[in-house]
DNA sequence: ATGTCCCTGACACAGGGA
């Protein structure tokens with residue numbers, strides 16, 4: 001069985017490439033982030049005509065997550081319990097469309113689009129950290145409840161856990177960029193301390209291994225990327241992993257997302 | 001090649017997000 005995670009940066013703009021990628025990659029499950037679509041304009045047919053069931057959670061043009069599966073799609077859950085909100089007091093406050101889960105082929109798959117902290121000192125940064133903290137507490141509870149649970153926390157984590165996960169850590173430090181701060185890294189490592197394992201890194205160690213390249217500044221041809229998309233597997237699921245792929249080919253050419261798909265193979 | 005891309009509102013391009 002193959003499980004993938006991919007930030008598509010608009011599922012409508014990516015429809016043709018996504019369909020070709022489904023045919024080529026032969027994945028059984030894909031957790032999708034940043035659909036930038038509401039449920040009303042989500043391309044349901046794209047999945048159904050290729051043999052996938054699909055569930056989507058989208059409220060407007062921002063965020064949006066989906067899970068497609070050809071090995072079952074059960075117990076769909078939209079947002080996690082007590083998912084932090086973001087909004088000014090005077091605005092309508094709602095939980096953003098950044099998290100959903102489904103059980104696919106016996107695996108509890110989460111599609112996660114972790115908030116972008118935007119900038120150090122920006123209110124989106126404590127929102128990001130709080131969002132991760134609440135999710136981490138759930139992750140701990142899930143494993144306490146069932147140590148053998150097969151859980152895949154898939155998504156765009158918007159964190160580069162190690163210095164080698166960005167092309168120039170000195171630049172990030174000098175400019176005070178996000179994604180590499182101690183606080184963000186601690187929030188990520190808390191999942192590892194809870195027992196979840198980055199199952200891709202052992203197959204594709206760094207330095208120079210990335211999953212995202214900014215559209216600007218010729219970042220992709222210059223090989224200036226960031227490793228921010230991860231599949232964190234529970235211990236029982238990690239034991240089944242037999243391979244992994246960062247599909248860098250999919251970042252090439254016209255109409256590519258700025259993120260590459262990340263694929264995990266299970267025995 | 002791959003020297004931003006994508007969305008919306010509204011009809012041209014500004015504004016917002018990444």
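Backbone N, Cα and C atoms are what each Cβ position is placed from, and that goes for glycine too.
Quantities reported herein were computed from a predicted structural model and do not represent experimental measurements.
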(request) From A:7, A:60, grab the residue that TrEMBL records in the same Mg(2+) site as A:34, A:156, A:158, A:258, A:259. (result) A:7
(message) Using the CB centroid of A:7, A:34, A:156, A:158, A:258, A:259 as the Mg(2+) site centre, which other residues of the same chain sit with their CB within 8 A?
(response) A:9, A:33, A:113, A:212, A:228, A:229, A:257
(message) Rounded to a whole angstrom, what is the C-alpha distance between residue A:259 (active site, proton acceptor) and residue A:34 (Mg(2+) binding site)?
(response) 11
(request) From the recorded positions A:7, A:156, A:158, A:229, A:258, pick the residue whose C-alpha lies nearest to the C-alpha of residue A:113 (active site). (result) A:156
(message) For the domain 'Endonuclease/exonuclease/phosphatase' (A:4-259), report the average pLDDT of the model, please.
(response) 95
(request) Based on Cβ atoms within 10 Å, give me the single least packed residue among the recorded positions A:34, A:156, A:229, A:258. (result) A:258
